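Asker: Feature annotation from TrEMBL assigns ATP binding site to 11, 12, 13, 14, 15, 16, 17, 18. TrEMBL lists 4-182 with the feature domain 'Guanylate kinase-like'.
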Ligand SMILES: Nc1ncnc2c1ncn2[C@@H]1O[C@H](COP(=O)(O)OP(=O)(O)OP(=O)(O)O)[C@@H](O)[C@H]1O
Ligand SMILES: Nc1nc2c(ncn2[C@@H]2O[C@H](COP(=O)(O)O)[C@@H](O)[C@H]2O)c(=O)[nH]1
């Protein structure tokens, strides 16, 4: 059986990765979503096992030690990582899986999965990005400032990606990503 596609969706904090992924899951019910582990505190309404596997720093370090993560990164003071077994098993079952992760982690995945599809989600502008992250109301101003300064560095690494998709409108951004996935399935793989 052919393996599934590994799709990595990155982009700066607040660009709309989570929003786009949620919409894609409705539109493409066969697309599997990788739930990450993190050492950050849950936000109001976030559920363990749904949004993230919430871990203490010690538990997260243990996952690293036991080689349970496909990739991980420390991002603005917290650890984030992709549980390895679930991704490998899903691909073996011939199902497509999407990872919603930041740029350092995406580059590590690229070293291991050259055949992965790397998509960078861009904001229409940096002002709009700041407006979105502020409008979400989940981060302190200091965290927003940190995330905005990382955003500029992240956008500077866009050349490592296969596709750039502007999230100007959710519907359009999803259509662009759906088209990418469909086209990748039609590709002649050598
Ligand atoms: N196309 C869009 N137009 C306007 N607002 C949007 C759009 N896409 C997402 N948003 C809003 O922007 C905010 C940030 O979106 P979201 O949480 O999905 O970003 P994210 O990239 O997943 O962030 P993080 O990396 O911090 O988890 C949310 O309030 C969301 O409703
Ligand atoms: N390298 C990884 N980055 C991840 C993973 N899961 C999420 N993320 C990214 O972290 C930032 C911050 O997320 P937030 O939920 O605190 O706003 C964001 O860019 C996520 O995409 C992961 O497993 N590995």
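Every residue gets a Cβ built from N, Cα and C, even glycine.
Set these features in their place in the structure for me.
Answerer: Using a 10 Å radius centred on the Cβ of residue 16 (ATP binding site) and all shown protein chains, the other Cβ atoms total 22.
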Asker: I'd like to know the mean pLDDT over the domain 'Guanylate kinase-like' (4-182).
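Answerer: Here the predicted model's pLDDT, averaged over the domain 'Guanylate kinase-like' (4-182), is 97.
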Asker: I'd like to know which of these binding-site residues, 11, 12, 18, is least surrounded, judged by other CB atoms within 10 A.
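Answerer: Relative to the other binding-site residues in 11, 12, 18, 18 has the fewest Cβ atoms within 10 Å.
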Asker: Which binding-site residues among 13, 14, 15, 18 have CB under 6 Å of ligand 2?
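Answerer: Near the molecule: 13.
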Asker: For the binding-site residues 13, 14, 15, 17, which Cβ has the most other Cβ atoms within 10 Å, all shown protein chains included?
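Answerer: That would be 15, with the highest Cβ count within 10 Å.
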